[in-house]
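Q: Pasting a structure here, questions to come.
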Amino acid sequence: MEISKSLCFFLLLLLLLLLLFFVDQARSDAINGDSEKLHRLLHLQKLPWKQQEEAVINCIFQKPRVREGITTLEMKERDYCSGKVTDWQKNLQNRLISDAIHVQSLQSRIKSAIFSGDTHQISDSQIPLSSGTRLQTLNYIVTVALGGRDSTLIVDTGSDLTWVQCRPCRLCYNQQEPLFDPSNSSSFLSLSCNSPTCLALPPATGNSGLCGYGNSSSCGYEINYGDGSYSRGELGFERLNLGEIVIDNFIFGCGRNNKGLFGGASGLMGLGRSKLSLVSQTSSVFDGIFSYCLPSTGAGASGSLTMGGGDFSNFRNVSPISYTRMVSNPQMPNFYFLNLTGITIGGVNLGVSNNGALSLIDSGTVITRLTPSIYRAFKAEFEKQFSGFQTAPGFSILNTCFNLTGFKEVNIPTVKFYFEGNAEMTVDVEGVFYFVKSDASQICLAFASLGYEDQSMIIGNYQQKNQRVVYNSKESTVGFAAEPCGF
């Protein structure tokens, strides 16, 4: 009897010890897991200027993938399709300067829209549709077939009208592909200036349709950009091929007079929200859904632009897609606004307003812009968690900088954005720092302050890298998921 009691007591004690061990182990795993989530490694040896010295840049786009009515196009950064970059430091610095001009122009338009209620009564030279400098900083390009010929286009969610350079051309910048020649296309049809579509131009371009362009009755268009860049020409119908999917009577701009910082691209793809955007014109095929995954900075890296949705099983996202609603903004209906409800650095909440903050998600802005009060909190918390590293002078719009010369890798705090509806976006490790100098002697926090508290915050493309960002115009939602971008 006594032996039996002793055995029971021993077994009970052993069970209790095992239970305590597993609880402690689980707690340790949870802490370690949280630690991994709150901090991430940035590998400084994997940066593009370190890889490109020996890399062969391949700018041949792979054939689009089509699956159950969903088309995926390969997306590349324009830098890696322009030959070897000989001066990375100058390239990186010029992007920041251009981005500052773009944001200034964008904020002016937002402010004018709010106070006037009508952006189209404002002089385009003063408040442009979108800054042409965004085309220098955006850098993401895809290839589509227009009228049976390949055209490489800059992708922009902040623009609406898709246009290409056309023959005969009065003034055209240099592009890699031959100019589009409507006279050689059996599917091209000019659009009349008295058509309803021509009258719908103001929301898409900021200018009314022009009759008599080129001494004809075709519908003329004109888009002016903030740096003096522009595209002018006529609207037409053409057959657009997105992989195997054919869009007949696609309305696009045939640019006869174009000037600006468009690089070697043939034109621009507009993914805004007006009736003339690619999204709206293909809504019967793709249900107003598109998504992208912006590539990392690695040499030869690829991302993807996907038209259509519903079945996202072909995505490589490593976290579930979480959605937030698009916030309606009647003064600027063509842009994608969201309600930002929180920001954390290494798990520390910065205390965004309980009601959230109206924020624009824009693929044309490089660096995310925060209101001054939120940026001050952001800067202070990041410096607190990233202490111990040598500081460096600020540059342009960036004023939180470090000297990481000699480091192969560094452990940095995780940055997360939260949106209405419990949606969240974890900023990829490559989207936290911006390299002003290619030797890492001056790298800066890739976030900047706006000038005033009443300005709209902007989620830039630098922070969207290695994210699957899903736009659903039909449901008025935007979704986020972490994804190692590729094609």
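Just so it is clear, glycine is given a Cβ too, placed from its N, Cα and C backbone atoms.
Straight from TrEMBL, here's the annotation block:
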type     : residues : note
SIGNAL   : 1-28     : signal peptide
DOMAIN   : 140-481  : domain 'Peptidase A1'
ACT_SITE : Asp156   : active site
ACT_SITE : Asp362   : active site
Q: Would you say which of the active-site residues Asp156, Asp362 has the most Cβ atoms within 10 Å of its own Cβ?
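A: Result of the Cβ crowding comparison: Asp362.
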Q: Within the domain 'Peptidase A1' (140-481) only, compute the mean pLDDT.
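A: Mean pLDDT, the domain 'Peptidase A1' (140-481): 88.
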Q: At the level of the C-alpha atoms, what whole-angstrom distance separates Asp362 (active site) and Asp156 (active site)?
A: 8
